[in-house]
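A.B. asks: Sharing a structure, written as structure tokens. Questions coming.
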């Protein structure tokens, strides 16, 4: 029997952060660290996934995430197929299953899935033989975003444990927030969510976070300020009185940022709504904003995840 290539991470898929243990997260981050350094060198391309096929199956538009996964796979030498599917064409679970069966017949090695419905990636994982990576499912999880955020923080701060992190804004509709809460609390950070009452989900405190409805109090003394995009496309009803009022009370500007630690990092998963959840002055702060670095770390993290899952899949095939 062949040994698992990456024994620190033995899952066939990456469907979420919830359920992982610290050693698994650390293994993925350590592997991503190698690629982060390699990606800054002249020779970025390798052959760890030569002969492997990655299908990007996106039922929601996401140029940034899809491009990041595509670049990651190509830098590992994989063949990449991008399938952009309008969410309206997959209205029933049976149709999604039919899609899975069809793709499975093509024998891909990795399926990267983004879908508007929570649990879609997990459903596909039950129907295919390849590895499945959840690239975002509804408001549920976005595991590679949390991993790239963690890598960005660890590279700047040297650790995750013991840090105070404020996740601010539209937590209700944010899969990024949920995955980050799972990962950061797992790794020993203290997490607080900050936002207006309508945008903070009920029961969020059960995940081990503190809750603040006052932005200034929520930012006081934190090491990391993670802003979230206001997701108007997912809102039905009046969650905020106006964009102008939202920015006044919950938008990140110099005045509010001054309440965080002097060396606090500014983060945002993108795309940003400048003048809504974040002011351009702080978003572009050369010393403290790591928003562009998050994009850079996204490629490294996705290279690590793709390599680990495809490598272990190969080990399972020869077992």
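In case you wondered, yes, glycine gets a Cβ from its N, Cα and C as well.
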A.B. asks: Please state which member of 31, 114, 190 Swiss-Prot lists alongside 64, 65, 142, 145, 270, 271 for binding carbamoyl phosphate.
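C.D. replies: Matched candidate out of 31, 114, 190, per Swiss-Prot for carbamoyl phosphate with 64, 65, 142, 145, 270, 271: 114.
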A.B. asks: Hey, of 64, 65, 114, 145, 270, which of those binding-site residues are within 10 Å of residue 175 (L-aspartate binding site), Cα to Cα?
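C.D. replies: 145, listed in sequence order.
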A.B. asks: Find, for the listed binding-site residues 64, 142, 175, 229, the residue with the lowest Cβ contact count at a 10 Å cut-off, counting only other Cβ atoms.
C.D. replies: 64
A.B. asks: Long-range same-chain neighbours of residue 270 (carbamoyl phosphate binding site), Cβ under 8 Å, sequence gap at least 6?
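C.D. replies: Spatial neighbours, sequence-distant, of residue 270 (carbamoyl phosphate binding site): 64, 229, 291, 294, 295.
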A.B. asks: Using a 10 Å cut-off, grab the number of neighbouring Cβ atoms around the Cβ of residue 271 (carbamoyl phosphate binding site), all chains included.
C.D. replies: 10
A.B. asks: Where among the binding-site residues 65, 145 do you find the Cβ with the fewest other Cβ atoms within 10 Å?
C.D. replies: 65
A.B. asks: May I have the list of same-chain residues other than 64, 65, 114, 142, 145, 270, 271 whose Cβ is within 8 Å of the Cβ centroid of the recorded carbamoyl phosphate site, in sequence order?
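C.D. replies: For the carbamoyl phosphate site the neighbour list reads 62, 68, 135, 136, 176, 269.
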